[in-house]
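The block underneath contains the structure these notes are about, expressed in structure tokens.
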Amino acid sequence: MLLIWGVTLIYLFLGASLNHFYFPDSTYLTVTFICITSILLLLSLLIEYSEFFLVIFASFITRVFLLLADLYMMDVFEVPHSGDDTENFYLTGIMISEDLSMLNESVYGGVYSHLLGILFNIYGDDRLFVQYLNILIAITAILIVIRIFRMLEVPHRTQMVLVLVVGFFPHSLIFSGILLRESIISLFVVMSLYCFIRWFREKDRISAFLSVLLVLFAASFHSAIIGILLGYLFGFIFYRHDQKAFRFTLESVVPFSLFALIMTYVLVFPSIVSGLPIFNKVDQVLNNNDNIYEAFTSSRGDTAYLTGLEVNNLFQVVLFAPIKIIYFIASPMPWSVRNMNDLISFFLDGVFYLFSVVVFARNIDTIKKRPILGILLLSILAGWLIFGLGISNAGTALRHRFKFFYIVIVALGAVWSRTGRGQRFEQRSRQ
């Protein structure tokens with residue numbers, strides 16, 4: 001994929017050159033870019049990922065079809081989740097591209113709209129090019145997941161099953177084919193996870209630093225992603241490479257607990273610290289258009305849930321966290337289904353996350369024996385908790401829980417590689 005991203009940089013330069021000479025229509029340039037990168041992807045998969053070639057390339061073609069449907073077949077086929085947000089991202093990006101001074105302003109979409117504005121300014125107003133980059137980002141994330149599987153020695157058959165899930169998970173296909181920021185956030189998250197696991201295996205300090213830095217990049221698009229750092233910090237403080245196990249001491253438990261408590265308060269109750277000068281900037285971030293707790297009321301798409309369940313203190317966080325998390329990962333719930341789309345969303349998305357929770361619960365003994373699983377699950381739960389407490393809208397919950405999709409997939413691979421399920425899959429594949 002490095003070669004493909006190198007070609008992408010070359011095409012950005014070519015697009016900038018066309019803009020300089022006042023050739024605003026870059027459609028033909030983009031078509032050649034898609035053709036060349038498609039061929040390069042095909043060759044790359046055949047050489048480095050031959051066993052996954054059919055799955056990943058078929059997934060790639062499906063994503064391209066959804067992209068074309070979103071841009072050119074709207075009257076025939078409306079891609080789910082494409083609408084107000086995607087159009088607002090696009091329009092805001094165009095405005096920024098025409099006036100780069102807006103990069104210093106708070107705008108709809110925050111950092112993502114700023115990024116779109118820069119791309120449009122360099123390459124021109126070519127939505128096909130920008131949305132196709134989303135597809136390349138999604139494919140890159142899938143290939144990184146495979147590399148993580150290899151580092152964790154996940155059995156081949158288990159890898160194949162999970163790569164099939166990743167490649168054709170409905171909302172992975174959709175979010176990469178339309179103009180939403182979920183793909184790029186997920187890429188930063190999975191890159192961060194790759195670096196963290198390198199630190200976990202090799203005690204590589206540079207990888208540890210990069211894992212934190214990449215989470216912060218992801219958090220620049222949506223601040224609640226920073227909850228993943230809670231799991232990483234747990235690993236950095238308590239994991240001992242020489243003993244390959246956690247070691248807890250008073251000196252390590254106390255600072256970690258204080259940090260976790262403070263971070264929870266800052267993210268869940270930003271108003272508590274908003275009066276302090278040191279948190280003034282944080283409060284500005286949390287209350288702009290990318291607020292963790294956007295105003296999700298029943299008037300927004302009629303998909304609100306638990307609107308009467310308020311969380312105003314730490315006791316209520318502990319009391320209501322389980323139900324808020326369950327609703328966050330599974331909504332729309334069957335008993336609140338309004339139409340066929342809600343029912344499809346539950347069975348094609350919510351059921352997967354509920355299934356994952358059941359798998360983790362049933363394999364708690366395995367998780368206790370494998371430190372990396374404990375770290376992954378803590379990162380997942382911290383993120384789910386922060387988002388779950390602040391969101392009361394099924395459509396928004398569906399998009400935000402996808403940000404943790406790849407971590408959940410990796411955790412499932414790690415669980416099944418040690419429960420005997422992975423070994424049984426491997427034995428069957430050899431028969």
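Quick reminder: no glycine exception, Cβ is built from N, Cα and C everywhere.
Features of the protein shown, as given by TrEMBL:
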TRANSMEM  28-47  transmembrane segment
TRANSMEM  52-74  transmembrane segment
TRANSMEM  129-149  transmembrane segment
TRANSMEM  161-178  transmembrane segment
TRANSMEM  184-200  transmembrane segment
TRANSMEM  212-238  transmembrane segment
TRANSMEM  258-279  transmembrane segment
TRANSMEM  314-331  transmembrane segment
TRANSMEM  343-361  transmembrane segment
TRANSMEM  373-392  transmembrane segment
TRANSMEM  404-420  transmembrane segment
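Note: the stretches the transmembrane segment (129-149) and the transmembrane segment (184-200) are in contact (3+ CB pairs below 8 A, sequence gap of 6 or more). In this chain, the transmembrane segment (212-238) does not touch the transmembrane segment (161-178); fewer than three CB pairs sit within less than 8 A of each other, excluding pairs fewer than 6 residues apart. By the count of Cβ pairs under 8 Å, the stretch nearest in packing to the transmembrane segment (373-392) among 28-47, 184-200, 343-361, 404-420 is 404-420.
Between the transmembrane segment (184-200) and the transmembrane segment (52-74) there are fewer than 3 Cβ pairs closer than 8 Å, counting only pairs 6 or more residues apart in sequence, which means the two stretches are not in contact. Away from its own ends, the transmembrane segment (314-331) comes close to residues 261, 264-265, 268, 303, 305-306, 346, 350-351, 353-354, 357, 381, 384-385, 387-389, 391, 394, 397-398, 400-401 of its chain (Cβ-Cβ under 8 Å, at least six residues beyond either end). Counting C-beta pairs under 8 angstroms (sequence separation of 6 or more), the transmembrane segment (343-361) fails to reach the transmembrane segment (212-238), with fewer than 3 such pairs.
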